[in-house]
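Asks: According to TrEMBL:
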{"type": "DOMAIN", "residues": "44-449", "note": "domain 'Major facilitator superfamily (MFS) profile'"}
{"type": "TRANSMEM", "residues": "81-99", "note": "transmembrane segment"}
{"type": "TRANSMEM", "residues": "105-125", "note": "transmembrane segment"}
{"type": "TRANSMEM", "residues": "189-210", "note": "transmembrane segment"}
{"type": "TRANSMEM", "residues": "216-236", "note": "transmembrane segment"}
{"type": "TRANSMEM", "residues": "292-311", "note": "transmembrane segment"}
{"type": "TRANSMEM", "residues": "331-351", "note": "transmembrane segment"}
{"type": "TRANSMEM", "residues": "372-391", "note": "transmembrane segment"}
{"type": "TRANSMEM", "residues": "397-416", "note": "transmembrane segment"}
{"type": "TRANSMEM", "residues": "428-446", "note": "transmembrane segment"}
Amino acid sequence: MDVRNFAITVSTSTNERDPNLVTWDSPEDPENPVNWTVNKRWGTTIVVSLFMSISPLSSSMVAPALNLISSEFDIQSKLETQLVLSVFILASAIGPLFISPMSEIYGRTVVLHFTCLFYMIFNLACGFSQNKAQLVVFRYFIQDITIGDRGTSDSSRLFSGLGGSAPALGGGLLADCWKAEERGRSLSLYYIAPLLGPAIGPIFGAYITQYLGWRWMFYITSILNALIQLIGLLWLQETYAPTLLARKARRLKLQTSNQYLYTEYDHKDGSVLRLLATAFIRPCKLLGTQRIIQILAVYVAYMYGLMYLVLSTFTSVWTVTYNESIKIAGLNYISIGLGFLLGTQICAPINDSVYKRLKLRNNNIGVPEYRSMLLIPSAILVPLGFLWYGWSVQFRLHWIMPNIGVTFAAAGIIIGMQSITAYIVDAYGMYAASAIAATTVFRALAGFY
């Protein structure tokens, strides 16, 4: 199926106005999130970015504490030690397949709040873990696992990793309230907090572990999540057009007593189970039938796997090869954060500028492919940066040399991921969350393995 045809079919509206059809009052309707004030849309983007930062922060903060956790819980295997870090990522391979489709049925914000609340409960439980099995289980899921140290079994079957899957909703939220030519800038701001998470997480984790103990990493992130949830409840409004129009239709039915009112997104069969089945199948269908999604999923998995390979070994490089303390070693993560920050801020204006220029050349018609131009410098920066990093570490050059290499690689990764996200958002419109979820599966699996 052609991507552009797909994008058109999901956004087509009725040409002849039906008096019972509920839609926007005009193209400038202020209730349409695309027409919100600039300040309101930027505020929404910032709040969403904060929501998305919790998951990567939690996934990486544990890295400096792995040795202490292994010592306390008598974990002898290196594989089990790394499992404490990476099992969180494995859960995020499954969560988006359910969370993203649900956001396209019930709306973005209610699903976002629910998943983050789910995360907070089980992240807090990690801080009270009494053995390695409980810690790994709470980091991922509770599902008929026998706790060997205590001889108890928990069969509640609750997936705590679903909360860590909230970032899959970010692209959908941005698609709802930003026009195509403005999404580059919005993505640059949106990506700052989520991508600084893996960079600053180990730094905070190192200091928290040294002065408060590793359990406080989970307590503090749960408190931070609660504060962000509160901000979201006060500020964040629904952005998904079908949900907003459905609310408008219900309101008008009460006001006019006209029970024949409907929206173009209403499902005529009225079967909730069929609606859910269709929504849950959508990411898998996109991954199985859309070649571009398959290609992008593999490429994103490659970049994400490289990033987590560095994150999981970065501390040992500095403590073993360069004989630095855990605190000082943690400061080297600043170079990763700097690369992410530079990448987002360089990519945003260039991405929008290229898109607008190519759109003008094409009779003022924009196409998603215009977002792919920056994949070329990304593909150059990533291997160049990692080659620089590996060469510097191998020959034990000055500590600034590996950091420079990682900065280049991180910048290339974020430029690539930001361009791919912009392309998917433009191409799949209101189903962008499901399309992003389809690419997330391979990405998370690469980060896990």
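Quick reminder: no glycine exception, Cβ is built from N, Cα and C everywhere.
TrEMBL entries are annotated by machine, without manual review.
Any idea what these are sitting next to in the structure?
Replies: Distant neighbours of the transmembrane segment (331-351): 184-185, 187-189, 191-192, 195-196, 198-203, 310-311, 314, 318, 324, 371, 374, 385, 399, 402-404, 406-415, 418-419, 422; these residues of the same chain sit at least 6 beyond its ends, with a Cβ under 8 Å from one of its Cβ atoms.
Under 8 Å from some Cβ of the transmembrane segment (372-391) lie the Cβ atoms of residues 303, 306, 310, 339, 347, 350-351, 354, 401-402, 404-413, 415-416, 418-420, 423, all in the same chain and six or more residues away from its ends.
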Asks: What mean pLDDT does the predicted model reach across the domain 'Major facilitator superfamily (MFS) profile' (44-449)?
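Replies: Over the domain 'Major facilitator superfamily (MFS) profile' (44-449), the predicted model scores a mean pLDDT of 81.
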